[in-house]
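Below is one structure, written out as structure tokens; comments come after it.
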């Protein structure tokens, strides 16, 4: 009996013991290399314009929502409960928020109500996954589908809720030091998340639960509590993302956030997270992954490459980046 | 208990679990399907009509064959093949081009299945040589594949009045011609997976790959075999799709992905590998294909369809998880 | 093994570098046109819109930038910002996700760049396109005439294949077709009009259409209208599969499936807009004058557009004389500047 325990601990048990070292020598170092390579290519090909404030602003404001969603949903990945419903949560949050502010609600009460509904959605995810033990991918795939259907219904026959508010638009697009304010806030949020993950007890608990839930439970960590909290956080990230989209885009649409989960998770995987097992990944790596992918797309846009090649090249890069990560000692499949 | 014994113990436990899961899944699926049919029939007695059966059977045909491919990837521990849409469109295009060239139907099937297998081999090559996770690999190849296909064509359809065109519209014994191959394939694959050495090996690899390896099963060969087989089934489904769908474009297959994955999960085929019966696909695909038809009889719009399907999938996996959790000490 | 893998990674990374080194910076003083294509893989014409704009811009000696909106609202906004940064002198967009149009308008206005929008109007953009409502009514009236002649205006069902994702365009086109039918056959009872969601894609519409037919088992004489030819074809294919196509008559919109030698016999006609050739209108009436330094008044309303595309209803019989899309594009680009596809190919002017 004791032997079995020891065996199961030595197999996947390395990471929880040295989270900081593992993160710095592993995934973040790889993505940092990829990120620097992207900047180098951009400088060679596009020239100094690539790193100009103007261009970084464009990339930055495009990334505000993915960065925020990524920072929050990264906790769910870390805890070993991938949340595929984030794109649909963004969609429904945008629809609810847009509906409320066009029906006489103030921005703050509307934001509060929207976030509450998102918490309920996160709670339902947690109920299915944590309480009943449903497979996270399958359960949140169901949530993704159901929420998208509700979003369509909410958006009505025209498939959109116009909610262009020039004040809110100006607020979201506010610049600070020549860069979008909310982009900087998203970076700060990422750094806070990184500190939480690497330097605090809470972060270690999340990693422990994702790395080996039985070992974590034996160590006295509430596995259910951590996973429930992670799924709630993930839903909050989606909720914030949806509301920011309403400000940025001036409306909510049936397609708002459609496919965002793939966009974000592909980048997070490039950045060192895994959607199949918890315990690995770092918010900084995830953010660098998003920046690297957006940088590549930007290089192709500015480099006058036919837009139809963009997806092919981004796909190849996804493969190249995960391969690079593996060659640097990352996770091998079989 | 030594470590070796602990690993060896897992595969012997698998058949028991399969049997237990299988029955529970079958009873649950039959019960909810019957309930859905009964409720719709009570509300609209004309639901019990040949037209309804035809509509549901057509919907089942393509999803069913795709689900076999997805199930093989799942049960062998490859989790999900996210590149099915790209592979389906690629092989459908092959089927169209071969039909346009005037090739007889059997050769069209052979061509599409072969190209599907090549696609599968391409996925497997990356997975095996680069040692990358299949989910990420197929996510990327789907991305690349669809984008590349769009550069090649934006619209394709089989020639009006051709052999393949008629196959997509004809009936045999009161059911669509394209429904029967789905039925036969699911029965055969279910049999092969359960009663042959190869099928058991695939399941064993999914259950515990290291134990399987220790017993002398080559993981690389298994990956190639499963991905090529899955690609072949997609190629087969593509001929059915091309025959029935009318004009299609590179994005026409994307809405099917969810239904296929849901069918595999509802059938109790574990995405993490190692358990499940392919025969259950007949029930899960049938049930899932009945939902949209029922909703239309209830007078609900197709927007609501995804709400029901999504909630249902969540409840199903929650029940599945609860049962599995109770079953384990 | 390990080396070959490493070589593969290096190759993948070096591709963009090499292309970059091969790229030559272009002259900056030329007039620069930006084109943001829809980027939805749904439709043959979407890519062609960019190809035609590129060819025409090159003919004019302009610099040309093309980006794809990827059918995504956030990408459309980002593309507008890139167009501003790239210093385009004018821009054209087709935005299938028009929810972002107000934000795009604001961005372009701040940079003082005129922008043309195809088919989906926004108060801040030059409208170039079809009057979707008029196109719908024109098609509906043609279908109504057939119904009057064959069925004495007594169909069992008038089925609408909706594409709600297109928003107001769907209401104009599909609703317009119903209005057109009512203009000819005013006495069809309201309950005979039914709708289903077909997403304007034949393959996606097909299962929903089968369900709809199953739920209306006694309907025989069925007239089909829809947002486009693809949506209408979805229902026709479903009727063929359920053995009920004998008395199905469809009339589509956009003319995507009415040319060539593969036209479904139940598709009685369609309405051409010649979507792929819109750049001719945009350049003739908006971009060209701007490039010459003239002031062009902002006309943003679909009812009073900056350049109006005429709908061209055709029966399947008449459409046999019209070449398919690639051939039309070739002839359009060979024609004198300012010639539209309507001029070249529309028989019912």
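Every residue, even glycine, has its Cβ placed from backbone N, Cα and C.
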Where TrEMBL places transmembrane segment among the ranges B:173-193, B:194-214: B:173-193
Stated TrEMBL location of transmembrane segment, expressed as one of B:85-103, B:256-274: B:256-274
Positions on the same chain near the transmembrane segment (B:20-43), where near means CB under 8 A and six or more residues out: 266-268, 275-277, 280, 283-284, 286-287, 290-291, 294, 297-298, 319-320, 323-324, 327
Among the ranges B:107-128, B:256-274, B:306-324, the one whose Cβ pairs under 8 Å to the transmembrane segment (B:281-300) are most numerous: B:256-274
Chain residues outside the transmembrane segment (B:224-244) and at least six past its termini with a C-beta under 8 angstroms from it: 58, 61-62, 65-66, 68-70, 72-73, 76, 78, 81, 84, 87-92, 94-96, 99, 108-109, 112-121, 123-124, 127-128, 134, 156-158, 164-165, 167-169, 178, 181-182, 185, 198, 202, 253
Contact set, same chain, for the transmembrane segment (B:55-80): CB under 8 Å, 6 or more residues outside the stretch: 88, 127, 133-135, 138, 175-176, 178-179, 181-183, 185-186, 189, 193, 202-203, 205-207, 209, 222-223, 226-227, 229-234, 236-237, 240-241, 244, 256, 259-261, 263-264, 267, 269-276, 278, 281-282, 284-286, 288-290, 292-293
Contact set, same chain, for the transmembrane segment (B:173-193): CB under 8 Å, 6 or more residues outside the stretch: 50, 53-54, 57-58, 60-62, 64-65, 68, 71-72, 75, 167, 199-200, 202-203, 233, 236, 240, 243-244, 277-279, 281-282
